[in-house]
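Report on the following structure.
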Amino acid sequence: MNSFPSPMNVLKLKAVPNENPKENVKRETVDLGNGSDVVYIQRLIPSDQSWKWFQYLDKLIPWTRPNIRVFGKSFLQPRETCYVATPGLTELTYSGYQPDAFSWDDYPPLKDMLEAVHNALPGSSFNSLLLNRYNGGNDYVGWHSDGEKLYGPTPEIASLTFGCERDFVLKKKPCKKSCDGSDEPASKRLKKGSLDADQHTFRLKHGSLLVMRGHTQRDWIHSVPKRAKAEGTRINLTFRRVF
């Protein structure tokens, strides 16, 4: 896929040595501070396998575009979705919408994708999956954090991408008071300082995996913004553990 320039800061990642020699993947990470970090694997799934899984997901998943409520207003969600979870878990609700949960056995290839993610993240144990399909650059997800109680205080969230490359943007939540102890408003501090440390953009490639860990949901918000030049379809699988 073509890579398009972004008006936002594109984060330059520092490679971290792979602790598992059996993994033939290049693992990169960035420390966001205060117990938050992001791991990015640019090519977790080989290209041929990625396209096979993309075709399966695109054609066989029962996609829906529900009505959601944001700031008291109802509108059509700007992307299609599907939810899969292990039976017996706490039900997911977001923006006034409660999706019906399919089981992993309903779509067996999803278990292979889950296994690939688990193999890349030793010690992880995901039991739910929210799928999203972006049909072109006008589909998006706005600023939010995944701080629901059912994910626990420090959720690990793994995002697997197939298809069209899209920007994934992280932005630090402003402190109500200065994090350095002063009483200067957050808006003034942002104008005075560089935004580079407070906003990062990752270009998520076909077959890539991005993982948010630690206190990222407490301290940061994220989005997949509209992109006029993103004409293709992107399918995103977001794995989480529900407690």
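Every residue gets a Cβ built from N, Cα and C, even glycine.
TrEMBL does not curate its annotations; it predicts them automatically.
Note that the coordinates shown come from a computational prediction; the quantities given were computed from them, not determined experimentally.
Listed in TrEMBL:
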BINDING   Phe71, Gly72, Lys73  substrate binding site
DOMAIN    125-243  domain 'Fe2OG dioxygenase'
BINDING   Asn132, Tyr134, His144, His222, Arg234, Thr238, Arg240  2-oxoglutarate binding site
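TrEMBL feature annotations superimposed on the structure.
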residue : record                      : CB count, 10 Å
Phe71   : substrate binding site      : 5
Gly72   : substrate binding site      : 6
Lys73   : substrate binding site      : 7
Asn132  : 2-oxoglutarate binding site : 19
Tyr134  : 2-oxoglutarate binding site : 25
His144  : 2-oxoglutarate binding site : 13
His222  : 2-oxoglutarate binding site : 23
Arg234  : 2-oxoglutarate binding site : 25
Thr238  : 2-oxoglutarate binding site : 18
Arg240  : 2-oxoglutarate binding site : 22
Cα-nearest neighbour of His222 (2-oxoglutarate binding site) within the listed binding-site residues, Phe71, Gly72, Lys73: Phe71
Shell of the substrate site beyond Phe71, Gly72, Lys73, same chain only (C-beta within 8 angstroms of their C-beta centre): Arg69, Val70, Ser74
Spatial neighbour of Gly72 (substrate binding site) that is closest, considering only the binding-site residues Asn132, Tyr134, His144, Thr238, Arg240 and their CA atoms: His144
Integer mean pLDDT for the domain 'Fe2OG dioxygenase' (125-243): 88
